[in-house]
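Report on the following structure.
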Amino acid sequence: MGLSDGEWQLVLNAWGKVETDVAGHGQEVLIRLFTGHPETLEKFDKFKHLKTEAEMKASEDLKKHGNTVLTALGGILKKKGHHEAEVKHLAESHANKHKIPVKYLEFISDAIIHVLHDKHPSDFGADAQAAMSKALELFRNEMAAQYKVLGFHG
């Protein structure tokens, strides 16, 4: 289920918009994740106390973590499918330390698509959305495969 060169170009063009403000985009993605799926907040001891969207927007720690998440994802996307080492490392930490279920990766993928569309509607049309969805699905499938190797059934 690889992406074509054209699809990767759409993904990287969209990601270029993210890179104009990685922390801001990351914060919005996490806010959308936590407000849309409050159960995900339970995996983050550092953020459990944030109960409202206003509290989340005011949290510098949430913004920093959003930057970390999207910086890691951007590094993976830029590898255009050749990211085995990065995914293996990420899967190990997310399975063994953080215990993040694959379902939560689906939730954050949806949040990424929505934030990109909300912030950049003219640059993130149907073709770009489809390509990004495909790239994120590829990433999730590889994370799930690594989880299986690690014996994590999240």
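Yeah, the Cβs are placed from backbone N, Cα and C, and that goes for glycine too.
Marked as O2 binding site by Swiss-Prot: His65. The Cβ of His65 (O2 binding site) lies under 8 Å from the Cβ of Gly26, Leu30, Phe44, Lys46, Phe47, each of these being in the same chain and 6 or more residues away along the sequence. The DSSP secondary structure for His65 (O2 binding site) is helix.
What Swiss-Prot records for His65 is nitrite binding site.
For His94, the entry in Swiss-Prot reads heme b binding site, with the evidence type similarity to another entry. Other Cβ atoms within 10 Å of the Cβ of His94 (heme b binding site), summed over all protein chains shown, number 23.
The feature domain 'Globin' is assigned by Swiss-Prot to 2-148, with sequence analysis given as support.
In this chain, no residue six or more apart from Ser4 (phosphoserine) has a CB-CB distance below 8 Å. Annotation comment: Swiss-Prot describes Ser4 as phosphoserine.
The feature phosphothreonine is assigned by Swiss-Prot to Thr68. Residues near Thr68 (phosphothreonine) in space but far in sequence (CB under 8 A, at least 6 apart, same chain), listed by position: Gly26.
Within the domain 'Globin' (2-148), the DSSP-based counts of helix, strand and coil residues read 114 helix, 0 strand, 33 coil.
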